[in-house]
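The structure appears right after this line, and notes come after that.
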Amino acid sequence: MDVILLQNRLGHTFKDATLLQQALTHRSHSTLHNERLEFLGDSILNCVVASLLFDRYSKIDEGDLSRVRANLVKQQSLYEIAQRLELSHFLRLGEGELKSGGFRRPSILADTLEALFGAIFLDAGFNVARDAIRALYIPILDTVDPKTLGKDAKTLLQEYLQGKKIALPQYNVVATHGAAHNQEFEIECLVPKLEIQVFGTGGSRRAGEQAAAKLALEAVQHAFIKSPGTARKSKPRTSQLKLAGIATIQPDAPAKELLQLKHAAIKEGKNEAAKASKMASSATNTCASAPLSAISGAETAPALKAPSAPEITTAAMTTTTAATAPAAGPASATAPTTTAATATVAIKTPVAARR
């Protein structure tokens, strides 16, 4: 690709074309490579970015300014800028590096960008180099928050939870995958108070924890956005979902469904209690209205039977018979027999009915 296009993107046309050519040359290509220009460009980049941050963020202290600058000049940030410039199309690589995909390697692209900054400084001076760097970084600064830029996900999650007065998260290694020289760690991140559980994976334990922390932070923030001031739990406890044996609510059930099932359970419990009470009352009335037959001698009154119903037990009706003995003497007459009957009903009422 024509280097004129690259110069237009950088905002500078080189007077000395050999400087541009050297800046684009990797050490695998020839002895006249860009490593010395990279050293110079790195120093210029740090100076310009520090000045830019100092002017832009007047209320940020030295520690935070250093953190933001370190994030802006790290390899990943430079690699992303190099991709925007499509720098891989202009690299001069050796045959071996070219075959191994060096034109896509972040370290090579980041180093080449720094070498270009050094080449611009040598070709046109500090002010031109400063303007070229500022033009590339100002759009980035317009889209970032200096309070969080450069902080890793674990730090951000910890600060957010502390601000909400919630205990710090817990990290656990769930599993490891792959060969010993190329392992992948699966990490669990728990926020017990909010019942949030997420999993992240990475090439190291630290990388896995960072991935899990990022997901956990998103879940926590989402919980507070949905219910400001009070975090909504990410999933209800299973033990709280069984309502009178009617249904088990799924962890992701919406609040409306939870409420409907709860009302159904209460209604069902009331209906069962009402049925039991009605059956108990019916049994009592039947016993009270049953006729008692007069019996003489050894005869007993037939037992009354209460209607069968769940949870109701009818005790055997008992009758007691009292008869007057015949008077002694020849002329004695048999006194009329007097019979007394006593009926007893035992009713077992369900707990719901008693309440």
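Including glycine, each Cβ sits where the backbone N, Cα and C put it.
Listed in TrEMBL for this protein:
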type	residues	note
DOMAIN	3-125	domain 'RNase III'
BINDING	GLU38, ASP111, GLU114	Mg(2+) binding site
ACT_SITE	ASP42	active site
ACT_SITE	GLU114	active site
DOMAIN	152-222	domain 'DRBM'
Distance [Cα-Cα, Å, rounded] between GLU114 (Mg(2+) binding site) and ASP42 (active site): 6
ASP111 (Mg(2+) binding site) versus ASP42 (active site) - Cα distance in angstrom: 9
Tertiary neighbours of GLU38 (Mg(2+) binding site) (same chain, Cβ under 8 Å, six or more apart): ASP111, THR112, GLU114, ALA115, GLY118
Sparsest Cβ surroundings (other CB atoms within 10 Å) among the recorded positions ASP42, ASP111, GLU114: ASP42
8 Å Cβ shell about GLU38, ASP111, GLU114 centroid, Mg(2+) site members excluded: ASN34, GLU35, LEU37, PHE39, GLY41, ASP42, ALA110, THR112, LEU113, ALA115, GLY118
For the domain 'RNase III' (3-125), the number of residues DSSP places in helix, strand and coil: 88 helix, 2 strand, 33 coil
Integer mean pLDDT for the domain 'RNase III' (3-125): 94
